[in-house]
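K.L.:
Below you'll find the structure I mean.
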Amino acid sequence: MLQNVTPHKLPGEGNAGLLGLGPEAAAPGKRIRKPSLLYEGFESPTMASVPALQLAPANPPPPEVSNPKKPGRVTNQLQYLHKVVMKALWKHQFAWPFRQPVDAVKLGLPDYHKIIKQPMDMGTIKRRLENNYYWAASECMQDFNTMFTNCYIYNKPTDDIVLMAQTLEKIFLQKVASMPQEEQELVVTIPKNSHKKGAKLAALQGSITSAHQVPAVSSVSHTALYTPPPEIPTTVLNIPHPSVISSPLLKSLHSAGPPLLAVSAAPPAQPLAKKKGVKRKADTTTPTPTAILAPGSPASPPGSLEPKAARLPPMRRESGRPIKPPRKDLPDSQQQHQSSKKGKLSEQLKHCNGILKELLSKKHAAYAWPFYKPVDASALGLHDYHDIIKHPMDLSTVKRKMENRDYRDAQEFAADVRLMFSNCYKYNPPDHDVVAMARKLQDVFEFRYAKMPDEPLEPGPLPVSTALPPGLTKSSSESSSEESSSESSSEEEEEEEEDEDEEESESSDSEEERAHRLAELQEQLRAVHEQLAALSQGPISKPKRKREKKEKKKKRKAEKHRGRIGIDEDDKGPRAPRPPQPKKSKKAGGGGSNATTLSHPGFGTSGGSSNKLPKKSQKTAPPVLPTGYDSEEEEESRPMSYDEKRQLSLDINKLPGEKLGRVVHIIQAREPSLRDSNPEEIEIDFETLKPSTLRELERYVLSCLRKKPRKPYTIRKPVGKTKEELALEKKRELEKRLQDVSGQLNSTKKPPKKASEKTESSAQQVAVSRLSASSSSSDSSSSSSSSSSSDTSDSDSG
């Protein structure tokens with residue numbers, strides 16, 4: 001048909017056909033096609049250009065995205081396909097070939113439209129969803145299936161595009177499996193400014209259709225401006241002849257954009273159409289189809305999503321804030337209770353609340369949406385879900401518990417979130433997409449949870465809890481192999497005790513809540529006891545012992561120094577009120593050394609024999625020492641320090657198997673709470689045992705290990721510290737102190753100051769007795785040194 005055009009007809013009738021002014025404009029065979037919109041001066045055809053224009057191939061018109069004659073709806077399934085399925089597919093790395101219609105001319109596929117009779121792409125489906133083109137979700141799903149089928153039909157199975165389509169189709173089917181089962185039409189809520197919104201919506205729909213249609217027609221890449229008569233009148237609202245569009249586009253494309261679009265969108269709403277006309281200019285002036293579609297597709301969703309956000313707030317806000325409205329309807333008592341609980345939100349729980357808000361935010365919605373709501377096993381056809389998953393968990397439940405202040409600490413919050421992820425890993429196969437989504441979301445959670453701030457210490461109201469964790473943390477810092485587990489146990493114990501105190505203070509809680517909390521606390525205590533038992537039974541490394549020895553040595557030196565200072569103060573005390581004492585000693589004429597020694601114990605008595613000295617010194621020594629105990633009952637009830645408990649635990653572990661039965665018997669006899677426990681599997685927590693029980697255990701263990709019982713006022717020397725180095729150090733220290741004391745005595749031996757000599761010698765003897773007593777549990781070398789030092793002190797004073 002194109003060959004019938006003769007040269008003498010071209011100057012007149014060619015222009016007429018081109019401008020749509022002659023009768024040939026409507027004839028399809030006489031239409032002259034334009035290869036590109038970028039060439040200027042196309043209106044003056046020549047003989048050379050006519051055959052090139054006539055032989056250029058053409059793309060068929062793209063599928064319609066809006067049809068006023070065909071009614072559309074907004075349903076829950078269509079909204080799910082738009083917000084979830086389309087969003088996930090559109091952002092996928094393999095989605096780029098499917099975002100716009102196949103350009104057979106640009107890609108050099110002349111047979112594409114002969115094989116594929118019904119082209120489809122995701123850009124068309126997306127615009128149809130935005131324009132409410134579909135009546136039911138099945139129509140949209142059919143379009144998706146058509147798009148994938150076209151790809152499989154035209155391409156070879158080994159092509160990359162086929163693999164990309166298969167990946168997208170797999171994601172599509174997985175998303176559709178989570179779609180609501182029953183399709184329900186959503187009521188479109190009209191906002192307050194309904195007139196403006198209605199006009200804006202109508203103008204928006206008109207401008208969107210023209211925006212997508214005009215660039216689609218004008219952007220058939222480098223081929224021809226094909227304007228089909230039945231298509232344009234339905235989309236461009238008030239233009240009767242398609243040739244009117246083509247003529248200004250051909251004459252001046254850059255200047256014709258805004259007037260054309262303003263005219264086309266004028267009947268629905270002129271002001272908005274003008275605004276859209278500005279955007280249309282940017283669309284039509286872009287040279288390539290990809291450049292046209294790329295601004296077109298992001299530019300249209302903001303306009304189309306804006307009214308949808310106003311019309312359909314439940315789906316937009318459902319995942320973010322589902323609980324806030326019911327909280328306003330709570331009774332006053334519950335509101336007061338919640339407000340009181342709100343005040344007790346700790347820093348760590350505030351951090352957890354921020355993590356929860358981030359998990360529910362739009363930033364992570366692409367892979368977090370399966371975890372927003374509880375798994376509806378019946379709707380999804382997962383009949384074995386609740387048989388496999390015994391404790392379901394989801395983010396809405398976590399949010400509800402957080403708002404109701406059901407979490408007492410960050411560990412409970414983290415346990416629920418991790419339970420949700422572990423349920424997903426447990427039920428789904430490892431290669432499932434929802435598992436990958438869970439792992440991605442868990443990475444976000446763990447990264448934020450690792451930045452948990454430390455809880456500030458509260459020294460005032462909890463003396464027990466503040467005393468215990470340092471001990472536990474001390475043990476964890478000393479042990480190199482079991483550091484992390486002991487730290488976690490100490491934190492859990494501290495939180496448990498804080499929780500117990502909170503339970504006592506919150507008298508308004510119901511009995512059911514108390515029972516529930518007590519049960520949870522008992523479970524946590526049981527877990528902590530298991531950890532402590534495992535820690536106490538674990539091997540202790542040698543560096544730990546060395547560190548302990550150094551610490552013990554420092555403590556012992558400090559204690560001895562304090563004892564010496566106390567004795568010196570006691571010596572200084574009696575000196576002041578006795579100035580006339582030297583006169584009495586002069587009158588007595590007892591200037592010998594024996595009199596000084598004998599008069600020392602009684603502080604002023606002149607009689608007595610030397611064999612009474614040990615008894616008197618024993619009687620007078622306890623009042624000088626501040627840490628002594630008067631009776632055995634006080635000794636039994638004296639609380640154990642952390643080091644003593646730890647040493648007792650080590651000693652019990654050293655006992656042979658046949659001796660452990662007696663240990664269990666002692667504990668069960670003295671601890672009512674452990675009487676009903678199984679003797680074979682009893683767990684000993686030294687922090688909960690009475691001091692009397694611990695002392696009885698200590699006596700029994702020492703008797704089994706054949707150790708000497710410690711005196712009440714001495715610092716307990718741990719087992720395994722009888723090395724020669726320590727003995728030599730002690731010996732040197734004792735000798736040095738004795739030399740100091742004897743030197744002081746020798747320098748102050750003058751007749752008028754016998755009373756001061758007596759007090760100095762008494763201080764010396766008390767110090768010697770104290771030092772020898774403190775080293776009584778040491779080896780023979782240290783005991784012999786202490787006895788020899790006491791002999792030398794006696795000889796010096798004699």
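Each Cβ is built from the backbone N, Cα and C atoms, and glycine gets one as well.
Sequence annotations record features per position, and here Swiss-Prot assigns N-acetylmethionine to MET1. Residues or ranges marked as region 'Disordered' in Swiss-Prot: 1-21, 53-72, 267-348, 454-645, 736-798. What Swiss-Prot lists as phosphothreonine is THR6, and the listing cites similarity to another entry. Look at Swiss-Prot and you will find SER36, SER297, SER300, SER304, SER631 tagged as phosphoserine. Among the features that Swiss-Prot reports, domain 'Bromo 1' is placed at 73-179. Feature annotation from Swiss-Prot assigns compositional bias 'Low complexity' to 284-297, 772-792. If you look up Swiss-Prot, you'll see 315-331 marked as compositional bias 'Basic and acidic residues'. The domain 'Bromo 2' annotation in Swiss-Prot covers 343-452 and rests on sequence analysis. According to Swiss-Prot, the feature compositional bias 'Acidic residues' maps to 480-512. Residues or ranges marked as compositional bias 'Basic residues' in Swiss-Prot: 542-564. Taken from Swiss-Prot, the feature motif 'Nuclear localization signal' applies to 553-557, supported by sequence analysis.
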K.L.:
Count up the helix, strand and coil residues in the domain 'Bromo 2' (343-452) according to DSSP, in that order.
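P.N.:
Taking the domain 'Bromo 2' (343-452) as a whole: 75 helix, 0 strand, 35 coil.
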K.L.:
Taking the motif 'Nuclear localization signal' (553-557) alone, what is its mean pLDDT?
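P.N.:
Looking only at the motif 'Nuclear localization signal' (553-557), pLDDT averages out to 64.
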K.L.:
Run through the domain 'Bromo 1' (73-179) and tell me, per DSSP, how many residues are helix, strand and coil.
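P.N.:
Residue counts in helix, strand and coil order: 71 helix, 1 strand, 35 coil.
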